[in-house]
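Pulled from Swiss-Prot, these are the features on record:
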{"type": "BINDING", "residues": "His61, His63, His225, Asp299", "note": "Zn(2+) binding site"}
{"type": "BINDING", "residues": "His61, His63, His225, Asp299", "note": "Fe(3+) binding site"}
{"type": "BINDING", "residues": "Arg70, Tyr133, His164, Glu228", "note": "4-imidazolone-5-propanoate binding site"}
{"type": "BINDING", "residues": "Tyr133", "note": "N-formimidoyl-L-glutamate binding site"}
Amino acid sequence: MIIKNAGQIITFDSEGNFKLIKDKSIVIENNIISDITDNKNNDDAIDASNMVVMPGFIDSHTHLAYAGTRENELYMRSHGQSYLDILNLGGGIHKTMNDTESSGEDKIFNETIKRVDESILNGTTYLEIKSGYGKTINGERRLINAIKRIKSIYRNVKITLLAHAVPDNINEYDYAGYFINNMIPAFKNDVDFLDVFCDAGAFSRKSTEMILEAGVSSRLKLKIHADELKNIGCIDLCKRFNFTSVDHLLNTRNDQLNYIKDSGAVATILPVTAFSLDSDYVNAQRFINKKIDVAIASDASPASYNSNMIFAIYLAVRYCNISLENAIKAATINGARSLKIDESTGSIEPGKNADLIILDIDDYKKLPYMYMSRLVRYSFINGIKIVDNFNLIH
């Protein structure tokens with residue numbers, strides 16, 4: 001297959017710097033990018049004249065798998081109630097855990113696949129999907145099975161086992177023990193990562209450490225939600241654990257940045273959540289100045305019902321003190337780094353999987369400017385067309 005006459009091709013050089021190639025063709029053979037060359041043609045060539053070809057978005061942090069909705073919380077927040085206020089009233093994560101725990105696998109799958117389809121239509125070609133809304137081992141099994149069914153359709157899915165919240169009326173350390181003794185052994189062979197929500201209203205630093213130790217013993221790669229609501233010392237755990245990414249970081253102090261840098265973790269910022277919760281945005285440049293790789297992800301969830309990575313890029317450029325070029329890098333190759341898949345995807349270069357999108361714009365600088373428009377004319381996952389003329393192909 002050939003993508004010919006590409007007006008602009010976005011990729012990155014060997015040092016990871018943004019690189020723009022104009023008026024070239026991309027040759028794809030056996031679902032792999034084989035060449036970027038002078039314009040070629042064949043009967044099946046896709047004409048990308050006056051369009052932008054770029055790596056598909058790597059949405060490296062999502063909570064897309066669940067049952068139920070939480071639209072009432074929008075109106076609660078509009079009347080001044082905070083995330084923690086809603087949580088303490090039995091809403092937030094607790095409501096979704098109850099809804100998901102009481103739902104069958106088919107219901108979870110049918111609701112989740114619709115959200116995944118929306119993400120794909122907006123240019124995502126690789127997804128991480130977390131569990132975490134099942135209170136019991138059976139609830140988590142239904143959730144993880146639903147995610148595995150989605151992976152059988154789209155292939156480019158990583159699964160994360162998430163210690164998300166302590167169910168109502170259960171002691172935190174008792175539940176951490178339940179998670180360690182039941183969840184991790186049951187699912188360690190079904191998932192790619194272990195994640196813990198370490199924050200006020202979730203897991204304390206001590207119980208987080210206990211869960212992470214069990215993850216290490218089970219040879220799981222680690223992630224952590226940290227410093228979203230308050231700074232309770234979770235980032236200090238970078239000194240002990242090898243995280244692939246540390247995510248949220250709204251309240252991370254400057255003196256803690258070296259812990260992230262020294263660990264080699266990717267710092268994932270989630271501007272759509274800041275928008276949805278009307279909270280402060282992360283200053284991404286603080287991390288970039290420390291030579292820390294920054295990723296952008298959607299954090300799509302019942303609290304922030306938006307998986308549009310183009311909107312995430314818009315918010316990052318507008319509010320997170322990051323250039324458009326670095327934001328695109330954060331939403332592609334750095335997202336791939338956070339999932340340990342950057343050797344095979346996240347950039348357009350020979351030898352990598354053909355995970356790419358063709359945008360119906362003539363200049364990449366219009367990407368965040370036109371964030372409310374349908375921009376993804378074509379999308380390819382592993383060289384297979386999944387969006388054709390703005391329509392999804394299953």
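Each residue, glycine too, has its Cβ placed from N, Cα and C.
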Setting His61, His63, His225, Asp299 aside, what same-chain residues sit with their Cβ within 8 Å of the center of the Cβ atoms that define the Fe(3+) site, listed in sequence order?
Thr62, Lys130, Asp247, His248, Leu270, Thr273, Ala297, Ser301
Residues satisfying Cβ distance under 8 Å from His63 (Zn(2+) binding site), sequence separation of at least 6:
Ile129, Lys130, Gly132, Tyr133, Leu162, Asp299, Ala300, Ser301, Pro302
Return only the integer: C-alpha distance in Å from His61 (Zn(2+) binding site) to His164 (4-imidazolone-5-propanoate binding site).
13
Determine the C-alpha span of the 4-imidazolone-5-propanoate site listed in the record, that is the greatest distance between any two of Arg70, Tyr133, His164, Glu228, in Å to the nearest whole number.
20
Would you count the other CB atoms within 10 A of the CB of His225 (Zn(2+) binding site), including those on all shown protein chains?
28
Binding-site residues compared (Arg70, His164) - highest count of Cβ atoms within 10 Å:
His164
